[in-house]
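Enquirer: This structure is in structure tokens; I'll ask about it shortly.
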Amino acid sequence: MKIGIIAYQGSFEEHYLQLKRAFDKWSINGEITPVKIPKDLKDIDGVIIPGGESTTIGLVAKRLGILDELKEKITSGLPVMGTCAGAIMLAKEVSDAKVGKTSQPLIGTMNISIIRNYYGRQRESFETIIDLSKIGKGKANVVFIRAPAITKLWGKAQSLAELNGVTVLAEENNILATTFHPELSDTTSIHEYFLHLVKG
């Protein structure tokens, strides 16, 4: 199994370590590789789009020619997990809590609507407990950093976890989106669930 991690910015190393822990837990002989240009997508079984600044990630990905390639592969069934800014990249509808609708480059393959900076400056970073029973796990302590919120889901997209009634983890077929940072958690539950999607 070969998992790629988009490596423009964001927590590449933290995702790498969480994947290694999940591989070890499941006794998977897996490979993890950074993804920056289209040829890096060759022969991967799944891809992670980490957090960071979604507009920057989108612009760099578009300039390097990987944005359309990612969209095509994800549409064709490549398993993908987008965390925080990565979830924004996957959404079909994006707006900002302050400025409204945005025109940033998106992959746009998931039937969800996201509001950037949903929790505002007062809560730029916080930790809390969420219930992961819908993915067969227990409660988990997770980290939110300038987090967006998934405010609408349609089609086959479904909510897998909520915080105060707002979706923070969603899935649609081969696509997984989290508004928190699972790579900063003390549990590998989310990465394990992603590997479950990759294994099919």
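Any Cβ shown, glycine's included, is placed from N, Cα and C.
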Enquirer: Since Swiss-Prot lists Gly52, Glu53, Ser54, Ile145, Arg146 for L-glutamine, which candidate among Arg63, Arg116 does it give for that site as well?
Expert: Arg116
Enquirer: By a simple count of other Cβ atoms within 10 Å, which of Glu53, Glu183, the recorded positions in the record, is least packed?
Expert: Glu53
Enquirer: Enumerate the residues of the same chain, Gly52, Glu53, Ser54, Arg116, Ile145, Arg146 excluded, that satisfy the criterion Cβ within 8 A of the mean position of the Cβ atoms of the recorded L-glutamine site; list them in sequence order.
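Expert: For the L-glutamine site, the extra neighbours are Gly51, Cys84, Ala85, Ile88, Asn117, Pro148.
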Enquirer: Based on Cβ atoms within 10 Å, give me the single least packed residue among the binding-site residues Gly52, Ile145.
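Expert: If we count Cβ atoms within 10 Å for the binding-site residues Gly52, Ile145, the smallest count is at Ile145.
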Enquirer: For His181 (active site, charge relay system), what residues in its own chain, 6 or more apart in sequence, show a Cβ-Cβ distance under 8 Å?
Expert: Ser11, Glu14, Gly51, Thr83, Cys84, Val142, Val143, Phe144, Ile145
